[in-house]
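Chemist: The structure is given below, and queries will be raised subsequently.
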């Protein structure tokens with residue numbers, strides 16, 4: 001029975017080997033089992049689902065068919081998270097680098113603060129040691145207190161202008177104008193004229209300002225002119241002109257005294273113009289009404305002349321009729 005089954009297995013194995021390409025391998029086993037065996041694996045019938053059939057030939061010529069237990073490696077569905085590992089390592093490296101940069105920056109700031117503190121304390125101690133009664137500063141103030149800007153009050157000097165006649169004109173910040181002759185010392189006891197400030201306008205326009213004299217009278221002057229009232233009561237106006245830098249030093253202005261009408265004269269001139277305008281309109285209306293009246297009279301005269309002619313003709317006709325009846 002054993003020999004018959006072995007012959008059948010050998011015939012089927014030879015048929016399988018002839019149908020497909022086989023791979024032979026030599027396996028050396030223990031001396032009590034077998035010394036040399038040929039293993040043939042059919043590659044055509046091997047699939048992932050069916051077990052592999054292996055033909056083992058013993059040294060005595062007997063062939064045995066053995067079902068393989070080891071299956072071929074199948075491709076795995078689960079992939080290894082290599083990309084995630086790389087990302088995690090990169091993030092860890094960036095965090096480490098950021099921490100290292102922050103630590104280096106903190107150390108540099110701390111080093112700068114430590115290097116600056118002794119210098120500030122030394123300077124403050126040196127300054128406080130010179131003045132008696134000023135305590136030494138041992139603790140440094142916070143950066144907000146030290147960084148507060150100091151407010152310094154600066155007094156702007158009053159500009160003083162000198163005219164060609166030797167008279168000094170001082171213009172204060174409030175808009176007041178002070179005048180002084182050449183013989184007075186300094187600018188004390190000057191005559192003051194108060195002028196209102198004018199807003200900035202377009203070039204070429206004339207700005208009028210009210211100037212108040214010492215007696216309380218207000219006059220209207222342009223913004224580029226200065227009114228001067230002498231001790232005798234005479235009022236003079238000076239026009240300030242900016243001289244070119246090539247002919248005169250900066251800060252000195254030229255003054256001239258053009259004739260400027262006062263406010264009452266301007267008011268009288270304005271009233272006179274209004275009165276003349278009204279008179280012209282009234283004369284024009286009177287001439288128009290006169291022409292209309294004359295034309296109406298001429299029409300009436302023409303009507304009366306026609307009526308007179310008609311009456312004369314009727315009178316002649318009545319006379320002729322009366323003469324015939326009398327005959």
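We count from 1, first residue shown onward.
For all residues, glycine too, the Cβ spot is worked out from N, Cα and C.
Quick paste from Swiss-Prot:
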type: REGION; residues: 1-29; note: region 'Disordered'
type: DOMAIN; residues: 8-146; note: domain 'KID'
type: COMPBIAS; residues: 20-29; note: compositional bias 'Polar residues'
type: REGION; residues: 94-113; note: region 'Disordered'
type: MOD_RES; residues: 119; note: phosphoserine
type: CROSSLNK; residues: 122; note: SUMO2 cross-link
type: REGION; residues: 126-149; note: region 'Disordered'
type: MOD_RES; residues: 128; note: phosphoserine
type: MOD_RES; residues: 257; note: phosphoserine
type: DOMAIN; residues: 269-327; note: domain 'bZIP'
type: REGION; residues: 270-295; note: region 'Basic motif'
type: CROSSLNK; residues: 271; note: SUMO1 cross-link
type: CROSSLNK; residues: 290; note: SUMO1 cross-link
type: REGION; residues: 297-318; note: region 'Leucine-zipper'
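Can you tell me where each of these features sits in this structure?
Modeler: DSSP assigns residue 122 (SUMO2 cross-link) to a helix.
Contacts of residue 271 (SUMO1 cross-link) defined by a Cβ separation under 8 A and a same-chain sequence distance of 6+ are given as none.
According to its DSSP assignment, residue 290 (SUMO1 cross-link) is helical. Sequence-distant neighbours of residue 290 (SUMO1 cross-link) (same chain, 6+ apart, CB under 8 A from its CB) do not exist here.
Note on the region 'Leucine-zipper' (297-318): mean pLDDT across this stretch is 95.
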Chemist: Across all the protein chains here, work out how many other Cβ atoms are within 10 Å of the Cβ of residue 122 (SUMO2 cross-link).
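Modeler: Summing over all protein chains shown, residue 122 (SUMO2 cross-link) has 10 other Cβ atoms within 10 Å.
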